[in-house]
Amino acid sequence: SLSKLQLKTGDLDPRLFSRLRHLQKLDLSDNLLDKFPNSLTLPDLRVLNCNNNKLEDVTALKQFPLLEELTYENNVYLTLNDDYKVMFLLQNLRLLNGKDITKLANHVRRVNSRKLTSKVTAHWEKFFRDQLPEKYTAEQVKAIRKKFLKSVQTNVVYGPSSLSEFTRWRVKMIAEEFLACSLGVELNSDTEPEEKTDENEEESTESPREAAEDVAQVGDFSSYISNVTVTPSKRKRNHSKSSPGNKRSKTQANTEEEAAEDVSAEPLHFLQCHSKGNSREDFKTQLWSCVFEPVLDSGARKDPIVSSSRTVATCGGESVCLIDCETGTVLKKYKVATEEFFSVAWTTLTMVISDSRKKAHNILAAAGRRGIVKLIHVAADFCYGEIKAHKKPIATVCFSPTQETHLFTASYDKRIALWDIGIPDCDYNFKASQLLVLETASIPLRIALVPTCPEQYLLAGCEDGCFAWNIKLDKGQKSRPFEAIFQFPGEESLTTSHRVDGLAFLNDDVIVSKSSKPGCIYLWSWSRSFDAKGKGCQRTMSAVILAELEWSTTDMSYLTLSTCPAKEYVFCGDEKGSVWMYNLSSYTSAWGSSPKGKRSERRISPTQILPWPELRVNGEQPPEILVNNVVADPAFTYLVVLTSVNITAIWKKC
């Protein structure tokens, strides 16, 4: 036992340890180790305890081939990917962190390896075999090796995204072995993968649930839905007869029709993972917010993948869940028994780890009815802190895109607060401070930072209108009234008084807002509506309307909208479980080039409406389904639909 001795990696002297030829059990827990030296040897080691250290890598453990029991809990930088690495590297391992992993390890070593080997070989045969001449030089082999290793790690995918690092690691290893066998290329002992996040093709059916049992027990709705009938047929736009003033050119009509045709989506999963007490009978918990996890930028190596993460955080009731959209697996679940979560938001903090090195980590903020913000380091399965932000419920939260520690919280106390959440140290000590308070005339429901100046202006959709604030921190005033309120067309005249329960930017200038007026979604211009040169606060400004979207005629509130700026899409659910999708790519260029921002006279019809599938649970259909929120990932691969009946629906674009 060498426990609790404040040992660092340099204290493990290989000259000493290599003499311990018959050592079978070693306890190195509660020390300061960040890695293992590669030459400790210990050929007979069977049991190793490394709990409560600062380990960042497990590959050096392969030097202990007879290891049967391994524990490394409370090493905050180790993840599920490291679990899979040791299962592959240590062929005799039976127990990992106290759990029997025999069945899963066999799957990793055999099934996973067989699948990946097949994919790697197929990738070579399809894309690279013909690139080498019959007689090739060493330089040609070197060049093709480099291209192949990069390509194969980018394009060969398998299993859930939570295991993408392990998959890249194995793919590179298999690819190097393949090249060594086929071309006589020497293996590279450096098995660090080139970074990539992927859209996976298949799932490993056993892996996530068995290896991630630190998650609370989760009710998986998809596992007991019966008699599911899905009819996701596309609906073309119902173009009404145009008046002479509404005539479109043939080119424009064709463009819009093509846009209407280019969407096809299929339902993947229907999950009931926010149930109170994990009850399968819970069809009352409302689901409110979801946001896709950002792709981590690992060190100096930029991630080569262009698509986004397929892991989404969802909240509703007493829990926050992390879901792999491709497999439908609930990767993690965080519960607070007395809470009802309304909003979640991601940020990426660069945290200092051992030896003053820095590493990027994704942090999730979750808030709701108690007015408290929970800060969760997801990779470490650890809620490391909370901010008592408001005395009343928090409706929504969002992080600044330019200041990673700046968090906005909008509350029922009619205030929007800006917080600096700080950066936790290696012991998760952090200091949060309030930087600004924005006073609102009514409850703020949705907030959005202006993309062209996110450190200067914030918009909020409130119970009684749409407002803008100057949030620049070099101004001395810590508590600020709104700077502008926007007027919109009313029944008979312009009005500022209406509930705005949907608000998002479609691009740098175009705002999409939804009001409580039945069927009313406006697109309007920020730059043409807001007079930045005007002086004084609480000024009234007319929103310059560019277009109006055709939507449901319901007067139901709080069915919010979202946008996918990269694909120029708007999404909004309705009171019948349907999702309305609008491809606006054929309109945005015209709005941008028109100096006066001429408004489209007719409402823009949806490109497609995804109807709610016919689902039966125990032979019965769920009750009335409202779509509270619908969000696409930045690449528009997945569409996550949150409902009023505790069902998360995941669609995939075909």
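Note that Cβ sites are derived from N, Cα and C of the backbone, with glycine treated the same way.
Given the structure is predicted, the values throughout are model-derived calculations rather than measurements.
Copied over from TrEMBL, here are the features:
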COMPBIAS  189-205  compositional bias 'Acidic residues'
COMPBIAS  241-254  compositional bias 'Polar residues'
COMPBIAS  255-264  compositional bias 'Acidic residues'
DOMAIN    2-174  domain 'Leucine-rich repeat and WD repeat-containing protein 1 LRR'
DOMAIN    264-654  domain 'Leucine-rich repeat and WD repeat-containing protein 1 WD'
REGION    189-213  region 'Disordered'
REGION    232-264  region 'Disordered'
REPEAT    387-421  repeat 'WD'
Do any residues of this chain, six or more beyond the ends of the repeat 'WD' (387-421), have a C-beta under 8 angstroms from a C-beta of it, and if so which?
289, 342-350, 363, 365, 367-373, 375, 430, 432-449, 451, 454-455, 458, 460, 469, 471
So what's the average pLDDT for the domain 'Leucine-rich repeat and WD repeat-containing protein 1 LRR' (2-174)?
90
Work out, from DSSP, the number of helix, strand and coil residues along the repeat 'WD' (387-421).
0 helix, 20 strand, 15 coil
